[in-house]
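**Q** What TrEMBL records for this protein is below:
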TRANSMEM  A:21-39  transmembrane segment
TRANSMEM  A:71-97  transmembrane segment
DOMAIN    A:72-297  domain 'ABC transmembrane type-1'
TRANSMEM  A:109-136  transmembrane segment
TRANSMEM  A:156-175  transmembrane segment
TRANSMEM  A:219-242  transmembrane segment
TRANSMEM  A:274-296  transmembrane segment
Amino acid sequence: MQMPSPKSRRWGDSLFRGLTFLAALGMIGLVMVIAVQLIRGSQLAFTHFGLGFVTGSRWDPVHGAFGSLPLVYGTIVSSLIALLIAVPLSLGIAIYLAELAPHWVRTPVSFLVELLAAIPSVVYGLWGVFVLVPLVRTALEPFLQRTLGWLPFFQGTYYGFGMLAAGIILAIMIIPTISAVSREVLLAVPNSQREAMLALGATRWETIKMAVLPYGRSGILGAVILGLGRAIGETMAVTMVIGNRPQISPSVFELAQTIASIIANEFSEAFDELHLSALVMAGLVLFVVTLLLNILARLLVWRVARAPEGVTRE
Amino acid sequence: MLSKKSKWVVLLVMALVMVLVVAGCNSGKGDAGKTQGSADNKQAQETKTVTLNGAGASFPYPLYSKWIAEYRKVAPHVTIDYQSIGSGGGIKGITEQTVDFAGSDAPMKDDQLAKAPGQIFHIPTVMGAVVITYNLEGVKTGLKLTPEVISDIFLGKIKKWNDKAISSLNPDLKLPDKDITVVHRSDGSGTTNIFTDYLSNVSKEWKEKVGKGTSVEWPVGIGAKGNEGVAGTVKQTPGGIGYVELAYAVQNQLPYAFIKNQAGKFVEPTLDTTTAAAAGSAANMPEDMRVSIVNAPGENSYPIAGYTYLLVYKDQKDKDKGTELVKFLWWAIHDGEKYAKDLLYAPLPDNVVKLAEARIKQINYQGEPLYK
């Protein structure tokens with residue numbers, strides 16, 4: 001093999017840099033194109049409703065009244081319920097697999113968790129309709145109403161379908177993402193951190209709590225954001241169990257609707273131009289909501305990353 | 001054997017390419033889509049191959065697929081392609097002239113027709129019916145419902161199964177003291193269009209409050225995606241009631257209601273009663289065939305039914321395509337109809353076929369009718 005001359009090597013480097021730069025630029029371009037396209041497509045709805053589209057709460061294709069507030073509400077609340085369930089569970093899985101599990105358990109369990117991520121969402125949806133929903137209706141919801149019925153979240157009639165079922169389905173769908181990424185983050189924590197804690201006489205639990213988790217928290221937060229992203233954009237599984245009713249109700253038993261779900265439902269048969277435009281504008285709202293959440297998350301990650309790493313002060 | 005054959009195919013293809021190149025050089029302008037089948041030994045006479053592109057409604061897709069396959073045997077030189085992208089997409093496609101014909105479950109509205117660059121014809125192909133299915137323990141097919149009761153249930157005014165309005169219609173059934181849970185389609189669909197058309201027709205309150213369309217703002221109920229979603233949700237919800245296509249209900253043996261028609265009879269939804277509804281309303285059929293057949297007159301007419309249409313331009317721009325399209329349409333409403341029943345679509349009654357014939361005969365290329 002001949003070594004390339006320094007000159008040609010430099011040429012290769014700059015070519016490589018140029019190519020990767022183009023790839024990155026393409027990504028930015030793609031986002032711009034999507035944004036421009038969404039804005040153009042929603043012109044008609046914007047001139048009709050203005051900002052009232054965001055604050056309005058009626059969605060009536062027949063009479064041409066479109067407001068997306070219940071959709072935004074449904075999107076955010078269903079995702080939050082999912083996070084509420086998924087984050088503690090996923091962290092538990094990640095900590096066990098990274099820190100505590102014996103070797104022969106680690107591989108098969110990690111494999112099974114990651115397998116969950118490969119199941120198509122329509123399968124989750126079907127499972128939701130035929131297994132989860134009856135379970136929620138006959139067991140979970142009556143139980144919640146009996147024990148916590150004094151809270152506004154657990155009141156009213158229940159159908160099984162609704163916000164709660166959607167939150168649970170989403171939680172199951174994002175657990176693999178959050179737990180797999182968190183596990184990698186925890187595995188990347190240097191052993192010196194653990195050894196130092198143990199040398200100070202800490203127990204296993206104290207080591208995890210005070211050395212491992214604080215070290216990996218920005219990475220874990222990143223994992224949660226990834227999960228949130230998936231939950232917000234999920235369409236098929238949600239639409240099959242959420243009940244598809246655009247309304248705002250404090251009760252998680254009630255039916256709801258999300259932006260992604262209404263677009264998938266109504267787009268193909270939207271005859272009217274205003275209807276079509278309103279659906280595109282709903283997409284724009286989703287785009288903005290996702291953007292805002294990502295910015296928020298980014299700020300959070302920066303804050304956390306800046307804080308001193310390692311042992312927290314008690 | 002095989003390799004010999006494939007060698008032969010290669011030779012044939014090469015010969016074909018040569019012929020095309022020569023033809024292209026001679027005429028100066030290659031004509032895409034029309035290739036001369038001169039290399040084919042079996043086909044002595046030169047027939048132009050034509051491709052017809054269609055898109056639209058998903059409801060008749062199984063039937064149209066069958067038609068396309070059968071028509072291939074009748075006219076091998078015609079390739080027909082139909083994509084089930086939804087009626088909305090079909091109307092968009094025909095308006096923008098990206099397809100040669102479109103399928104739609106609902107007739108185009110006047111303002112939509114006004115946007116098209118030419119006059120669009122509606123050719124009805126088959127009918128579909130919408131049935132009301134429910135989940136009531138011990139009650140099988142045959143619950144009797146009137147238009148008033150149905151609209152009150154879907155308006156949320158009748159809330160319990162043992163409501164007098166229902167039990168007085170069904171004195172021999174023991175209806176439980178259970179909440180009614182309404183289930184409707186969450187996705188835009190022709191089925192919803194027919195059902196809300198019916199409700200608007202029989203209930204003034206529904207017409208004013210909700211109206212008709214492929215998606216509406218439902219006063220009550222759970223939204224579920226697709227026929228399978230509605231059926232699944234009803235099945236999972238004791239006391240549930242919803243509406244699905246007749247074909248879907250029959251295939252999945254769902255219980256369904258008998259509905260009181262205009263003549264005052266409780267009619268079972270079947271292909272025959274659906275065809276009867278079309279026949280009953282044929283007298284009032286306008287010339288452009290855009291008509292609703294819900295709540296049709298006639299003793300035997302099932303009241304919740306509707307046509308599905310093929311949409312074509314009256315003035316065709318391409319003579320070859322236009323000729324083949326007209327032939328296909330003619331075949332479809334005559335020979336094609338006999339495949340309808342097997343696939344659970346209601347065939348057109350004879351008087352409507354006659355009306356459709358008159359329409360097809362008007363399709364022309366530069367003023368010259370294409371039907372021969």
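For all residues, glycine too, the Cβ spot is worked out from N, Cα and C.
No curator has checked TrEMBL annotations; they are predicted automatically.
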**Q** Between the transmembrane segment (A:274-296) and the transmembrane segment (A:21-39), are there three or more CB pairs that fall under 8 A, provided the residues in each pair are separated by 6 or more in sequence?
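**A** Between the transmembrane segment (A:21-39) and the transmembrane segment (A:274-296), contact is present.
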**Q** At a C-beta cut-off of under 8 Å, are there same-chain residues at least 6 beyond the transmembrane segment (A:274-296) that contact it? List them, or none.
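**A** Cβ under 8 Å, 6 or more out: 34-35, 38-39, 41-46, 48-49, 53-54, 61, 64, 66, 68, 71-72, 75-76, 225, 228-229, 232-233, 259-260, 262-263, 266-267.
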**Q** Please report, as numbers and ranges, the same-chain residues at least 6 past the borders of the transmembrane segment (A:109-136) whose CB is under 8 Å from any CB of it.
**A** 93, 97, 101, 158, 160-161, 164-165, 168-169, 172-173, 175-177, 179-180, 183, 234-241
